[in-house]
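Colleague: The structure is given below, and queries will be raised subsequently.
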């Protein structure tokens, strides 16, 4: 059978349909991971296997209605995303289709099949300012910043020469207003001229090149005391939040998006509930951050990739790659980006389903054998880097992946594969959540491997903090050991020192680690407040121990200390109610 060409594109024919997986013959010359258009409605698909002239395609849209013999169009390019002004503050689906634009055009609640809308608005006018250090005749190489566009009040969008390009500037647009279709740069390389607009495309599976990877040494401040004080991450780190249903993974992810010290947020809802994305869309525009002397909505530094659980399964993989590629683009501008993937378990389930339809050999719990490799290739795109091109700049991507192990079982293949890759583990505990202790991060099983990297930062700014942190961990661990004895013989039979340990551990648990996300004073805790709260609690612990040991024949007891220092203890416990907006002198 001969291969047909339609509009210069090669045309294959469907020979088998199995859910989101389609087999097509006559696909000679097609490439792995090439983007194809399937059926008469031109559904978006991607080639994931080639055998002779037969290609196996995963389709990113609902495949009902496809029939044997329908055409398959090869586009000749891989699945790519559009990168340019207009990304921030927008909401896309897993294959970067703008949901608001689709809603306007279709007047439908759901995305119509085969809809083809450009990711970025071609008609919108942007204010372009050329770089001061470049002029016609200057050489320009990959990654060089040749213009700036004020994308939002929070982000100046730097227009960079795409990777793999270089030459001499023939034309550089003067300051003014341009659309994404207008030429703003023309270069000449060996007699060949190329024109560039403010937008370019990049394949999602290919990491964007960098000059070098750097050691991360600045903390990612989340505003959550338990994370910042006990298990900190760095800007450019990898974190996992595994937890059973109802433990608060999404709330922690959203809190990081709202309050962390990142320049930009990419929030990928990968196979999660639709109402959670609706909550994000409702909450984020109302939340503000102070920039100079004005308040700005945090939506202006946030990009949402919504891929809810009722959307096609295959698109979950695309949504993860779309999110990380856009994050890399903003990182290349010299920004610190946080990417939330909620949840990677849903992506793994999609891999399992497609792997099953391809009749691949299943590994643990039916997941494919390459699950760990796929997770690693995703998490390894995080990190702090020295960006390509001039001027010299550094950027970072922090990946926070939520994991939903069935029944909260951390030996689940997705969780164990993730823990082998990430450096920070914020383990959520169902029992803490049932006790209404939020964030329900279990302080006995969680860990951070970035403490060594962050020591110079703490030594310079909060010299005593590391001692307080170590002491707090010891108190919480000792409390866990003592609880077994207490359950057997009761509190009264313990030594006074142990009673003090239990009292201070309770104080740390209830008044320091627990945090109310729904109050003005406690939804965000600046790091200095965390340090001062911890300092006061540890000082009380040390002074109480000295009073008990040094009381001689009088035998000063915890009960007497509580009686004499009741007001002080009450003040220490009530520090969380103090609003940080009133200044640090309160503490």
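Glycine is no exception: its Cβ is also placed from the backbone N, Cα and C atoms.
Since this is a predicted model, take the numbers as computed values, not measurements.
Pasting the feature list from Swiss-Prot:
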BINDING   243, 244, 245, 246, 247, 248, 249, 250  ATP binding site
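Provide an account of the burial state, proximal residues and distances for the features listed.
Modeller: For residue 243 (ATP binding site), the Cβ neighbour count at a 10 Å cut-off comes to 30, with all displayed protein chains included. Mapped onto three states, the DSSP output places residue 243 (ATP binding site) in coil.
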Colleague: Here are some binding-site residues: 244, 247. Which one has the most Cβ atoms within 10 Å of its Cβ?
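Modeller: Checking each of 244, 247, the winner is 247.
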Colleague: When you average the Cβ positions of 243, 244, 245, 246, 247, 248, 249, 250 for the ATP site, which other residues in that chain have a Cβ within 8 Å of that mean position?
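Modeller: Other same-chain residues near the ATP site: 404, 428, 430, 433, 440.
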Colleague: Of these binding-site residues, 246, 248, 249, 250, which scores lowest on Cβ atoms within 10 Å?
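Modeller: 246, out of the binding-site residues 246, 248, 249, 250, has the fewest neighbouring Cβ atoms within 10 Å.
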Colleague: With an 8 Å cut-off on Cβ-Cβ distance and a minimum sequence separation of at least 6, pull the same-chain contacts of residue 245 (ATP binding site), or say none.
Modeller: 404
